[in-house]
C-alpha cells in the first residue's frame, strides 16, 4: 500500500457541521485530495464550497468537469450531479438516476474513487439519514482502502454511519471531533 492519494467523504443530514469540524482540523500541508458529497436538493445554490472554505486551510473548490484532482485540495460535489473520479484522476459529473433518493450520491463517488485509487484511498462516512455510502464503504474496504465512520452517538442523524458500520467494513469508528485530527496524523505520516 502506497501513501493515501485521496479521501472521499459523504454526509447528509447534519453534514455542514460535520464537514466544518473535520476540515478545520486539517493542516494546510494535508497531502491528499479530498472529495466530498453533501446531499442537497438539485435546485440548491452551490454555496457549500464558500461555507466550508471559511473553516478550512485548504482550497475548497466547486470543480469543473475534467478538472484534475490535486493533493491538498477539497472538491465539493455540486447539487443535482453525481461527482465521479475518472481513470485519469480528473473529476467527472453524471446526471444518472438518483441513488438512495440522492444526486449527488455518496456511493457513486465512493465506487468510482475505489476503482481509481484502490488501496491508496481513505473513505469517511459522516452523519446522515439514509444508508447512502454503506455499499461504497464496503467496496473501498475490499479494494484495500481505509474506512472511517463517525460514531452514531456523535452524529446528528446516525443512520448513515450505522449502515456503514453494519457492513463490517469500517476500519475505525470515531467521534466527530476526532476524525480530522486522526486523518491529519495518519496521512501526514504516510
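Keep in mind that glycine also has a Cβ here, set from the backbone N, Cα and C atoms.
TrEMBL labels come from automatic prediction, so no person has curated them.
Listed in TrEMBL for this protein:
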type     : residues : note
DOMAIN   : 1-190    : domain 'CheB-type methylesterase'
ACT_SITE : 12       : active site
ACT_SITE : 39       : active site
ACT_SITE : 132      : active site
Cα-to-Cα gap, residue 12 (active site) vs residue 132 (active site), nearest whole Å: 9
Arithmetic mean of per-residue pLDDT over the domain 'CheB-type methylesterase' (1-190): 92
Cβ atoms near residue 12 (active site) (within 10 Å, other residues, all chains): 26
